[in-house]
Amino acid sequence: MATLRSLLLAALLWVPAEALSCYGDSGQPVDWFVVYKLPAHSGSRDTPKGLTYKYMDQNSDGWQDGVGYINSSEGAVGRSLQPLYRKNSSQLAFLLYNDQPPKSSSARDSTGHGHTKGVLLLDQEGGFWLVHSVPRFPPPASSGAYTWPPNAQTFGQTLLCVSLPFTQFARIGKQLTYTYPLVYDHKLEGFFAQKLPDLETVIKNQHVLHEPWNSSVILTSQAGATFQSFAKFGKFGDDLYSGWLAEALGTNLQVQFWQNSPGILPSNCSGAYQVLDVTQTGFPGPSRLTFSATEDHSKWCVAPQGPWACVGDMNRNKAETHRGGGTVCTQLPSFWKAFQSLVKDWKPCIEGS
């Protein structure tokens, strides 16, 4: 009887584990979200400089003000990454990669690897892919806590999180053999290493060895939304956007990227589709918040007439034509509308380009 009573009590006290997925600003699981960390100058006087952000997910109907600040573990990014820093993470697998890894990690900056930043966090049911533009982020699992790096406060940044079934991570693994990320922290053991051999390859600093030097795959989210990943290896030898993406999507593109680096590629109208460098971004609403591309480290692009929009980790400059990297695109109407509304100005093509 005592044993039965104990079992009943245990059943009453048992709480099922939270599903591993992206978590939104609402504190609830979401299929996907985008966080746009705003440049430091854009905050009001009574808010911390460089920590405010805009947010959207499948339920938000466009951009909203972020809940709290980007350095909070209660917001979408911090809450989604919490499982990484918990002590009971034995049933998880993860990869943290960044061409500019956190200074607390043993990895060094590397131009030999791809210009690519992201997080894979999963269990045997599924998890999420966080594609972002943030240097020195996130902290390694051993740090024990989510933090936002001080170096990433000044400029704008983008983070796209997509919740995915386990089956999709083999496809992501294939893509990472093209982008050739610098992995600075990982855990891929037993079941995960067996089922995801391409991720094991990536952890061992290996990459694709033969043509083609680019790859695209369809990814289906936990809720059935369709995303398309585009990945290129350094030997592709061309700009991601004008050399491949515009033609692959069959559309003109307006591209936001970091324009303070050397060798910036000008707007390109030499092909069937125009690829135009965005120079000014602005959010809708009474504040009329606008900022220059020189204040914005984010990487995204949008088809001016629809239906595509993409968030990734590559710039348009000469050096990155010879580095791996990629972007994740979708035709979700709300996603496209949100990014299309941001473009306020761009550089026209000069004659002959």
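Cβ atoms here come from the backbone N, Cα and C positions, even for glycine.
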| field | Cys269: disulphide-bonded cysteine as recorded in Swiss-Prot, out of Cys22, Cys161, Cys349 | value | Cys349
| message | With the cut-off set at 10 Å between Cβ atoms, which of these disulfide-bonded residues ends up with the most neighbours? Options: Cys310, Cys349. | response | Cys310
| query | Among the recorded positions Asn214, His297, Cys349, whose Cα is within 10 A of the Cα of Asn268 (N-linked glycosylation site)? | reply | Cys349
| remark: For Asn214 (N-linked glycosylation site), the closest of the recorded positions by C-alpha position, picking from Asn71, Cys161, His297, Cys329, Cys349, is Cys329
| For Asn214 (N-linked glycosylation site), the number of other Cβ atoms found within 10 Å of its own Cβ | 21
